[in-house]
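Per Swiss-Prot, these features apply:
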- 149-216: disulfide bond (DISULFID)
- 194-245: disulfide bond (DISULFID)
- 204-247: disulfide bond (DISULFID)
- 129: N-linked glycosylation site (CARBOHYD)
- 44-67: region 'Disordered' (REGION)
- 1-18: signal peptide (SIGNAL)
């Protein structure tokens with residue numbers, strides 16, 4: 001599992017040419033500031049020297065062990081920093097949680113957001129502390145666990161979204177490209193919504209239809225994106241995107 005995760009992380013950075021995941025304040029042409037955006041795109045000026053593939057494929061077992069230990073240490077530090085950085089105020093939870101769903105990149109992302117992979121790896125580390133028997137019985141596949149609602153996640157561009165609703169309830173135009181010092185990067189949004197081809201399109205899974213009406217519905221949260229309002233003013237605003245699929249219930253009357 002560790003080797004698989006390390007391979008995914010290496011692939012993530014190799015394909016995305018990602019810049020460090022830190023809050024950035026990038027200035028493009030015209031001194032337009034972009035505060036609080038995680039720039040995961042191909043920013044050559046920010047990435048520094050590139051490491052060749054041969055530097056990551058050592059045949060020595062000691063080198064592999066050292067590499068694994070290094071990655072685990074870095075990942076654990078990222079998880080700790082992410083937990084410390086999360087605000088405790090209820091109003092800021094959505095904005096903090098879904099910041100990772102926006103990516104600036106020169107090409108289509110090939111992997112889910114890195115924080116999603118970190119969360120999966122954290123769950124793996126927690127499971128590693130269990131005994132083999134407990135871990136085997138806690139495997140969702142062995143317990144036959146199924147999601148109440150089937151969902152699907154994918155990266156979409158501003159060309160797909162075109163418009164969105166901001167926090168004031170107004171409709172704004174989502175700009176496809178963001179100017180940076182070395183050119184332009186596209187805005188990508190990692191959206192999660194109910195799967196129209198799933199088995200729960202007629203209702204939630206596991207709900208007693210004799211007593212309840214159920215429906216799987218896509219819900220939205222706010223993320224920051226570069227937009228233009230009806231007065232042609234360009235700026236960073238919080239907009240709503242699809243982020244989850246939840247089950248809604250209403251009790252049947254007259255029974």
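Each Cβ is built from the backbone N, Cα and C atoms, and glycine gets one as well.
From a predicted model like this one, the values you see are computed outputs, not experimental measurements.
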- Item | Under 8 Å by Cβ from residue 245 (disulfide bond), same chain, sequence gap 6 or more | 149, 150, 151, 192, 193, 194, 195, 216, 217, 218, 219
- Message: A 10 Å Cβ contact count, applied to the disulfide-bonded residues 194, 216: which residue has the minimum?
- Response: 194
- Message: Under 8 Å between C-beta atoms and at least six apart in sequence, can you list the same-chain neighbours of residue 247 (disulfide bond), or say none if there are none?
- Response: 148, 149, 204, 207, 214, 215, 216, 217
- Helix, strand or coil: which one is residue 247 (disulfide bond) in, per DSSP? strand
- Message: Test of understanding: give the count of other CB atoms lying within 10 angstroms of the CB of residue 149 (disulfide bond).
- Response: 24
